[in-house]
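Written out below as structure tokens is the structure these notes cover.
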Amino acid sequence: MEQSVSARWLKRYRAFFLILLLIVAIQLFLAYKSLDIVGGGSGSGFDAAEAPASPPPPHAQARVQPPARTKLTAQQLGFQPECDILAREAISALQRAKTKDCREHIAQIACAIQAGRFYAPQLRSSCPAGNHTANVSLGCFKDEKDRRLLAGYYSSSKTSNSPAKCVELCLQSGYPYAGVQYGRECFCGYDPPPKASKLPDSSCNTKCLGNAKEICGGFYAMNIYETGIAKFTAQLAATTPSEETKRVRIAFLLTLNGRALRQVHRLLKALYAPEHVYYIHVDERQDYLYRKLLELESKFPNIRLARKRFSTIWGGASLLTMLLQCMEDLLQSNWHWDFVINLSESDFPVKTLDKLVDFLSANPGRNFVKGHGRETQKFIQKQGLDKTFVECDTHMWRIGDRKLPAGIQVDGGSDWVALSRPFVGYVTHPREDDELLQALLKLFRHTLLPAESFFHTVLRNTKHCTSYVDNNLHVTNWKRKQGCKCQYKHVVDWCGCSPNDFKPEDWPRLQATEQKSLFFARKFEPVINQAVLLQLEEWLYGPYTSEYANLHGYWQSLYHHEDVHGSGDDLARSIGDSVMRLSARQAKLYPLELIELTHYLHRDQYKGFLVRYRARGSTGKPLHLETRVRPTQQGKLARNARFSKRLRNFEVSTDFDQKEQIARNFGKLLGPQSDLLLSYTLQANADSGAASHSYNLTLLWIDPLGRLQDFNELHVEDSTSDVINHSKTLLKHPITPGIWTAKLIGRNSIYAQLKFLIAPLAYYKGYPLAKSSDAEALNAGLTVALPEDFEMPVEWQQHLQTDDEQFTMREESLAKGKMLGQELHSWIDGLVGQFFQLRESCVVEADSEVSLPLCSDAPWSSLAPDPKSDVDALLK
């Protein structure tokens, strides 16, 4: 009877028993896995989004092996490497590197690492350690689950734990004490264990999983060792100097890139004083900025430009090389200075120069760097410090894992620093017998973002450790969700983060610096937002007068005829020349030479680009003119669709900045080599009580021949706030020149349509097109991106031309694609005239032959007064 009842119960509740059994099994599995934690912090407040990337932990990486190794041949590489390269990442880098020199460089380093003769395995810190001695055992101590003896850091390893390895790990992380427990566990801490917790040595009796001949604590029993370093405490900076304190002089090291000349002038105006030094490094590729800033040397005896220039890429080792070279140049100069502060064109002061000088004068000999503020082991992994990187071909190649040298503390954070002259002299002139500094220089020359860790690590491990102040004098506008989009994958084998530009809505962050020892903020870009800069300047220096000329205007060069021309200028010159011809024709002039293209913004609204050129009138006299041009794209939105009514800024462009949520091709210059994308803003649903909708849409990319070249499937969700979206194409280059159409369609309707121009090119690699074969290769554009076997949905056919129409247009496109000279110019002018509106013109010098205003009187002109960026005002 009992068996019968039991059977009935089991039968009736079988499903519940099975679920209960499954839950128990899952709990047991999770309990087992919890013992295998690789490493964890102890409430350090670490924010995973703050670091440049999220690679797997090093122990996990060591266990992952590629399924099969690819062997590279000398024929593939173009040379015979000195070893059979084994590292999977090195092989990948060699396969992707474009030049033989780069491949040889990668192979040389990979072989040296493989042979164990590249990195120093052990280094010795010279920072005073007090009475601490590495690997000295303090004994066995009783631990508690809720009150850990060493609560700084914890890791667990089933295969490699030992006292020596735990000591090495804790020392690297900056902890004076290391403890092993339960065979597999390693703990780190700042404070010595209390004597009351001492246990007999026999209580620690568990063998180490990494070395069975050694003991690694026991059950809540911990063997504790000294790591050989003292507890590190950053110096507290003084805030005000004494009356007898000598005022310091500062060397401002400006490391510049891009074409924001007026913003650089504005920064110099805010920082300038005759007693300080301004040393400027301009990226080797930025010919325009270097040429324009070179003019300052003859006007200001304390402004100099570096003659030895580097091409610095995001995360590149060349950045550290450049900084050290510039610092060495400053040391070798005749200038007297006490501190060097590195800044970029994106920095701006949040306090006056006098306040900065007062602060540094109160802290002579100290070094200001900002630490990562999180657990060191996680910082190492997130920063990629446990990887080897090689820079060549303007790319940072990851070529494999590495073990950092034992015996030193690893530190890092921001690469914006304020360093004292003695420390700068130390790092730029390493003695041959200084093994520590020599090894660190070699280590960080093959490190991602080296300037973010080099100065910190050198400070922590040398006699200069007592000068370390955990403050780099900067406030940075981090918005992790926007700034960490892997936007640098094209130049580095890693995911990177960048801070956002300050905007007026970020003003409270800037105001909050008033009572803090913060003197600079970043980033600022007037091409994105100038209003916040004006607000900051008025906060520091008082309000501008109402008569101040062109206060809300901003100009930034796009092209200049004196630049070293390359293929990067072909499109701008082709369109610029066309606008010049159209403008000159309108004024009944003969065009001579395109001089400059300049972006113009007013109150942070893009007003078009300015075309400055020379022309000749009927009398033969040369004239100098400028025309404002407004790019247009011809869009239509469905009138009756609720979705269409909420679409804004529906446009095709290139260079979409996910961080700032904007396409940086402001002039809408699109050509056969452009990587197209469509961006749009979907406004929030005005009816907050309405049901939320989602939309499944298709974006069709239709070329001038009426062919479908690509399509994107879009899934759009309603949102309570405005949302900016973008969608990229996968078109094959060269793209067919002419008038393209982007159509956003649903199942039965068209929501939006946009016609935009792909301009033909009149230049090839910096020179006017002279061969029909070159012209055809660039401008015929007969390739189709979609595969031949692609089955076109029937409902899409209505949006395309028929086969006969496509054939006719193809023949016309082929004929136009071979055009040269005047024929080519006429074709380009006919297209440019439809998509670029000539708004207004001016003349540089008055002339009776043209009835145009003077450019100096036209507030939009690049030649109009701009006193906020007039660096010559410093001479008055």
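Glycine is treated like the rest: Cβ placed from N, Cα and C.
Other Cβ atoms within 10 Å of the Cβ of ILE313 (UDP-alpha-D-xylose binding site), summed over all protein chains shown, number 20. Look at Swiss-Prot and you will find ASP283, THR312, ILE313, TRP314, ASP415, TRP416, SER498, ARG522, LYS523 tagged as UDP-alpha-D-xylose binding site.
Annotation comment: Swiss-Prot describes CYS83-CYS111 (among others) as disulfide bond, evidence class similarity to another entry. Just so you know, the Cβ of CYS83 (disulfide bond) picks up 13 other Cβ atoms within 10 Å once every protein chain is counted.
According to Swiss-Prot, the disulfide bond annotation covers CYS127-CYS465 (among others). CYS465 (disulfide bond) is surrounded by 21 other CB atoms, counting those within 10 A of its CB over all protein chains shown.
Here Swiss-Prot flags CYS484-CYS497 (among others) as disulfide bond, drawing on similarity to another entry. Look at CYS484 (disulfide bond): DSSP puts it in coil. When other Cβ atoms within 10 Å of the Cβ of CYS484 (disulfide bond) are tallied across all protein chains shown, the result is 22.
The disulfide bond annotation in Swiss-Prot covers CYS486-CYS495 (among others), and the record cites similarity to another entry as its basis.
Taking all protein chains in view, 21 other C-beta atoms sit within 10 angstroms of the C-beta of CYS855 (disulfide bond). Look at Swiss-Prot and you will find CYS842-CYS855 (among others) tagged as disulfide bond.
Among the features that Swiss-Prot reports, domain 'WSC' is placed at 134-228.
Within its own chain, ASN131 (N-linked glycosylation site) has no residue 6 or more apart in sequence whose C-beta sits under 8 angstroms from its own. Taken from Swiss-Prot, the feature N-linked glycosylation site covers ASN131 (among others).
Under the DSSP three-state reduction, ASN135 (N-linked glycosylation site) is assigned to coil, being neither helix nor strand. The N-linked glycosylation site annotation in Swiss-Prot covers ASN135 (among others) and is backed by sequence analysis.
Under the heading N-linked glycosylation site, Swiss-Prot lists ASN342 (among others). DSSP assigns ASN342 (N-linked glycosylation site) to a strand in the three-state reduction. Listed in sequence order, the residues of the same chain lying 6 or more apart from ASN342 (N-linked glycosylation site) and placing their CB within less than 8 Å of its CB are LEU253, LEU254, THR255, LEU323, ASP415, TRP416, VAL417.
Annotated N-linked glycosylation site per Swiss-Prot: ASN696 (among others), in sequence order. Packing around ASN696 (N-linked glycosylation site) is summarised by its Cβ count: 10 other Cβ atoms lie within 10 angstroms of its Cβ, all protein chains included.
Taken from Swiss-Prot, the feature N-linked glycosylation site applies to ASN725 (among others), supported by sequence analysis. Applying an 8 A CB threshold to same-chain residues 6+ apart, the list for ASN725 (N-linked glycosylation site) reads SER679, TYR680, THR681, LEU682, LEU714, VAL716.
The feature region 'Disordered' is assigned by Swiss-Prot to 48-67.
Taken from Swiss-Prot, the feature topological domain 'Cytoplasmic' covers 1-14, and the record attributes it to sequence analysis.
As annotated by Swiss-Prot, topological domain 'Lumenal' applies to 36-876.
Marked as transmembrane segment by Swiss-Prot: 15-35.
Nearest neighbour of CYS465 (disulfide bond) by Cα distance, taken over the recorded positions CYS111, ASN135, CYS484, ASN696: ASN135. Close to CYS484 (disulfide bond), meaning Cα to Cα within 10 A, are the following binding-site residues out of ILE313, SER498, LYS523: SER498. When other Cβ atoms within 10 Å of the Cβ of LYS523 (UDP-alpha-D-xylose binding site) are tallied across all protein chains shown, the result is 20. Note on proximity: of the recorded positions CYS111, CYS486, ASN696, CYS855, the one nearest ASP283 (UDP-alpha-D-xylose binding site) is CYS486, by Cα distance. For the disulfide-bonded residues given as CYS111, CYS486, CYS497, CYS842, the lowest number of other CB atoms within 10 Å of the residue's CB is seen at CYS486. Each residue contributes its Cα atom, and for CYS497 (disulfide bond) and ASN696 (N-linked glycosylation site) these two points are 31 Å apart. Closest by Cα distance to CYS855 (disulfide bond), from the recorded positions CYS127, SER498, LYS523, is LYS523.
For CYS111 (disulfide bond), the nearest neighbour among the recorded positions ASN135, CYS495, ASN696, judged by Cα separation, is CYS495. Counting every protein chain shown, the Cβ of CYS127 (disulfide bond) has 18 other Cβ atoms within 10 Å. Around the Cβ of CYS495 (disulfide bond), 18 further Cβ atoms fall within 10 Å across all displayed protein chains.
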